[in-house]
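All remarks here apply to the structure that follows.
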Amino acid sequence: MKQQAGIGILLALTTAICWGALPIAMKQVLEVMEPPTIVFYRFLMASIGLGAILAVKKRLPPLRVFRKPRWLILLAVATAGLFGNFILFSSSLQYLSPTASQVIGQLSPVGMMVASVFILKEKMRSTQVVGALMLLSGLVMFFNTSLVEIFTKLTDYTWGVIFGVGAATVWVSYGVAQKVLLRRLASPQILFLLYTLCTIALFPLAKPGVIAQLSHWQLACLIFCGLNTLVGYGALAEAMARWQAAQVSAIITLTPLFTLFFSDLLSLAWPDFFARPMLNLLGYLGAFVVVAGAMYSAIGHRIWGGLRKHTTVVSQPRAGE
């Protein structure tokens, strides 16, 4: 069990690192390529890669599962959610820094929590509410220098925030639908179907020929984005299979900090290619509060449960005392 937990930690960290680096690479490609085209290539590469892996393992999804309309509807909802999330997230990167986009993305777990209560009839814990409030407070701190602009003017920066919030919101529909689909299919099978369907849906919107205009560096970044999608989500699925979902979710919340770390590091090494995040001390602190809130929402109940259990064990009198 310890070995499985160790592997689960490494896989979850792999996902957080992949997702942390992703928007930095995408920002380079967005200088030439529009969001729908980038997302098209990401889904195409991920679909081919995951399809090949499942074919070798003889684990391609059985289509007989979708003979019932209910499962087809759920698949359509999940596809629309992932489609919208990828497009809106890429669009937000046109106006925001990679770190800002990832910090806003932490709203997704809060939305998933609310949706799980109303749609899946799950119980909301007090630690989840506290974590959500911490996260929202962290967002205010992170955007402290831009709050007036965001709420009073419809600037490019405001559009970036709107797209980012939209991406986090539509992701919830994907998350809820996938949670139900997992009763019939394994996570890699669901992802393969979603990648394939999203690739087909994006083809009319994409401009595949633009790839010829990319520099060697930008082409490398685009390939990295495609592989990142395959590895990031694949590692997440394997982590969930080997470790408890709450702990995996807690590690995934570190994603914005990896983005912040990579952005600072790359801007120092190659300032001509990578812009340094324009954050004051309160902004940096806000990023940490956002992550802490998301993490507390994911595992806060386990922390308090462990403390109560420890207190109970310690307070029990022994025989003869």
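Every residue, even glycine, has its Cβ placed from backbone N, Cα and C.
The residues of the domain 'EamA 1' (17-144), classed with DSSP into helix (H, G, I), strand (E, B) and coil, number 101 helix, 0 strand, 27 coil. Annotation comment: Swiss-Prot describes 17-144 as domain 'EamA 1'.
Per Swiss-Prot, domain 'EamA 2' is recorded for 169-292. Per-residue pLDDT, averaged along the domain 'EamA 2' (169-292), amounts to 92 for this model.
Marked as topological domain 'Cytoplasmic' by Swiss-Prot on the basis of sequence analysis: 1-5 (among others).
If you look up Swiss-Prot, you'll see 27-35 (among others) marked as topological domain 'Periplasmic', on the strength of sequence analysis.
Marked as topological domain 'Cytoplasmic' by Swiss-Prot: 57-70 (among others). Sequence-distant contacts of the topological domain 'Cytoplasmic' (57-70), counting only residues of its own chain at least 6 positions beyond either end whose CB sits under 8 Å from a CB of the stretch, comprise 51, 184-186, 188-190, 192-193.
Annotation source Swiss-Prot lists topological domain 'Periplasmic' at 92-99 (among others).
The topological domain 'Cytoplasmic' annotation in Swiss-Prot covers 121-130 (among others), and the record cites sequence analysis as its basis.
The annotation topological domain 'Periplasmic' is assigned in Swiss-Prot to 152-156 (among others). Same-chain residues lying 6+ beyond the ends of the topological domain 'Periplasmic' (152-156) with a Cβ under 8 Å from its Cβ atoms: 94-95.
In terms of DSSP secondary structure, the topological domain 'Cytoplasmic' (178-190) contains 8 helix, 0 strand, 5 coil. The topological domain 'Cytoplasmic' annotation in Swiss-Prot covers 178-190 (among others).
For 212-216 (among others), the entry in Swiss-Prot reads topological domain 'Periplasmic'.
Beyond its flanks by at least six residues, the topological domain 'Cytoplasmic' (238-249) meets 4-5, 7-9, 11-12, 14-15, 109, 187, 298-299, 301-302 of its own chain at Cβ-Cβ distances under 8 Å. According to Swiss-Prot, the topological domain 'Cytoplasmic' annotation covers 238-249 (among others).
Per Swiss-Prot, the feature topological domain 'Periplasmic' maps to 271-278 (among others); the stated evidence is sequence analysis. Residues of the same chain lying 6 or more positions beyond the ends of the topological domain 'Periplasmic' (271-278) and with a Cβ under 8 Å from any Cβ of it are 24, 28, 97, 99-100, 217, 260, 263-264.
Annotation source Swiss-Prot lists topological domain 'Cytoplasmic' at 300-321 (among others), citing sequence analysis.
Among the features that Swiss-Prot reports, transmembrane segment is placed at 6-26 (among others), with the record citing sequence analysis. If you look at the transmembrane segment (6-26), the same-chain residues 6 or more away from its ends with a CB under 8 A from one of its CBs are 38, 89-90, 93, 98, 101-102, 221-222, 224-225, 228-229, 231-233, 235-236, 238-239, 242-243, 247-248, 251-259, 261-263, 266, 274.
Look at Swiss-Prot and you will find 36-56 (among others) tagged as transmembrane segment. If one looks beyond the transmembrane segment (36-56) by at least 6 residues along the same chain, the residues whose Cβ comes under 8 Å of a Cβ in the stretch are 26, 29-30, 86-87, 90, 188-189, 191-192, 195-196, 198-199, 202-203, 205-208, 210-211, 222-223, 225-227, 229-230, 233-234.
Beyond the ends of the transmembrane segment (71-91), by six or more residues, the same chain brings 23, 26, 30, 35-36, 38-39, 42-43, 65, 101, 105, 163-164, 166-168, 170-178, 180-181, 184, 190, 193-194, 197-198, 201-202 to within a C-beta distance below 8 angstroms of the stretch. Among the features that Swiss-Prot reports, transmembrane segment is placed at 71-91 (among others).
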Are the transmembrane segment (157-177) and the transmembrane segment (100-120) close enough to be called in contact, which here means at least 3 C-beta pairs under 8 A that are separated by 6 or more residues? yes
